[in-house]
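Step one of this worksheet: look at the structure below.
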């Protein structure tokens, strides 16, 4: 396995700083045990009652479901560890756990559902909008593009291969629209949008600001629909997140350009502005730029961080559905932060060089990672080939900076 070899490479074994209590997102009581009621009802019981239900010798941590272990494991330096023993279980839960509730997620431009499992885990479901071999039409603006379920899944695996580990785990899943959405939803607005198409397929469209109409309905075959299931981050009431506007945000206007597109010295301005004037925030943003360029994602207007860790922490790379829309062209403007600032983390640069070598070719690694997903194959071959081409362009841009 090329992937196993990659994760054994010294560049993928650089230790993170020691994690102290204040570097953890949650500090938990090690004695607190949780278990599901043995009666089969879906309620947690707290420690005092759990004693009798727990097999002897189990620690409290062993009683937690995978999603809760994932939340507890988040720290200042990483969303999850490189060699994470939880990952296979977490991905399998997303793909197979029974869905007990489906409601529409409010906000956002396109339809997304929040699905809940019997163990109280939750996932964000993005339904399939286009087939693997369709490309974004050349006359589409980036802000009116579809969100793709397969892009969300591929982005998670690519982020992991780049060793950023800043995207919550995502798995593909085939969902039964009738049994796992329509019959169990308590969302009245969503429930009103179901219908049977002229050929007998079950369809729905929900409520949102783009693509939520009968013309853009999501239809099963006859009721099976593909989608991505992304692990939800801890509730914001438990772990506040801060949303930051990207300095290289696009104008989101059909004819206006953003300042960074007009001012070649724009980066000098950014470097003087908090939080980019100290610490590693600018380097984190350039990491995100590299990820976006490889995927062809032009829609990175904001990013988030966990408030508890202040400015000294990683960026969350959320919402990647507009990646992998085009393989036949590359979008050089995505690389503007790298080109204008001529900065990149040394470890990121060394890993990118490694991923351009034959034994660790990026397209081969992503193909191998995606092959284990329930909806494989997830990317058409031209998308995988485009990754290698784009990686060459990132390295060339760094080369020009080094030569300059």
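Keep in mind that glycine also has a Cβ here, set from the backbone N, Cα and C atoms.
Unlike curated entries, TrEMBL annotations are predicted automatically.
Record features, source TrEMBL:
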- 299: active site (ACT_SITE)
- 110, 126, 147, 230, 231, 232, 233, 304, 319: ATP binding site (BINDING)
- 147, 319: Mn(2+) binding site (BINDING)
- 194-402: domain 'FAM20 C-terminal' (DOMAIN)
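Here the domain 'FAM20 C-terminal' (194-402) returns a mean pLDDT of 95 for the predicted model. Fewest other C-beta atoms within 10 Å: among the recorded positions 147, 299, that description fits 299. A C-beta separation below 8 Å, combined with a sequence spacing of at least six in one chain, links residue 110 (ATP binding site) to 126, 129, 146, 147, 208, 210, 211, 212, 321. Residues listed for ATP, 110, 126, 147, 230, 231, 232, 233, 304, 319, cover a largest CA to CA span of 20 Å. Comparing residue 319 (ATP binding site) with the residue listed as 'active site', their Cα atoms are 9 Å apart once rounded. Cβ-based neighbour count (10 Å, all protein chains) for residue 319 (ATP binding site) stands at 23. Taking the Cα atom of each, residue 231 (ATP binding site) and residue 299 (active site) are about 21 angstrom apart.
Rounded to a whole value, the Cα-Cα separation of residue 233 (ATP binding site) and the residue listed as 'active site' is 21 Å. Cβ neighbour counts within 10 Å, taken over all protein chains shown, single out 231 as the most crowded of the binding-site residues 231, 233.
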